[in-house]
Amino acid sequence: MSEVETVKPVSNNRKVKKKGLTTTDIVLIAILAIVNGVALLYMAMLNQLLTALGGPILTSITIGFYSISGVLAAYIIRKPGVAFFTLTLTGVVQVITGNPNGLITMVAGITDGLGVELGYALFRYKRWDWLSTAVAGMMAVPAWFIISAFWFGYYKWGIAILLSAFVVRCISGVVLTGWLSKIIGDILAKAGILKGFSIHKQGTRGGKA
């Protein structure tokens, strides 16, 4: 009588990673979006003054603050779509809080979010360091720059000023959006506040998601 060998199916549960957003992820996204959205209410007022004083170049210096919630959230959570979700929600918060720029802030949030996502996607969401955050921050600039040039009338200032403003915005995107997000994320991670997030598990020096 031959023996029948029973083959037990191999479970791959241990190899499966959760790629969807957790409740903790969503809470963090909401917090960052609300904080950034409320802060931008006052930033919009400041930028109206800066535009009156120095045109698009002066106001471009602070543009990096507008997308910081998306780059920071993605740097901490390290999942595709986080930046877009966060910045879109940031735009919603701006509208709700009465941002003087109105519904156009929603457009800004969406375009900035897509730009940041593209920046991280260039590294396949596997690199989280100074370079990837810099690129992500800078990629938030181009689409919104074109829209804002027409919406706020910056194109009337001439090509030389527009190009100068674009360069200033890219630098602001690298420094204030990208690198500042990394610095804040690293400080929070080292303080033990971000336990449970990918940044805590992988460390602050980059690496695969």
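Don't overthink the numbers, they just go from 1 along the chain as shown.
Cβ coordinates come from backbone N, Cα and C, glycine included.
What TrEMBL lists as transmembrane segment is 21-45 (among others). Outside the transmembrane segment (21-45) by six or more residues, the chain places 62, 65-66, 68-69, 72-73, 76-77, 79, 81-82, 85-87, 89-94, 96-101, 105, 196-197 with a CB less than 8 A from a CB of the stretch.
Residues or ranges marked as transmembrane segment by TrEMBL: 57-76 (among others).
Taken from TrEMBL, the feature transmembrane segment applies to 81-97 (among others).
What TrEMBL records for 103-123 (among others) is transmembrane segment. Same-chain residues lying 6+ beyond the ends of the transmembrane segment (103-123) with a Cβ under 8 Å from its Cβ atoms: 40, 44, 66-67, 70-71, 74, 80-81, 83-92, 94-95, 131-132, 135-144, 147-148, 151, 177.
Taken from TrEMBL, the feature transmembrane segment applies to 130-151 (among others). Under 8 Å from some Cβ of the transmembrane segment (130-151) lie the Cβ atoms of residues 56, 63-64, 66-67, 70-71, 74-75, 83, 87, 104, 107-108, 111-112, 114-116, 118-120, 122-123, 162, 165-166, 169-170, 172-179, 181-182, 206, all in the same chain and six or more residues away from its ends.
What TrEMBL records for 157-180 (among others) is transmembrane segment.
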Close approaches to the transmembrane segment (81-97) from elsewhere in its chain (Cβ under 8 angstroms; 6 or more beyond its ends): 21, 25, 29-30, 32-34, 36-38, 40-41, 44, 67, 69-71, 73-74, 103, 105-110, 112-114, 116-117, 120, 136, 140
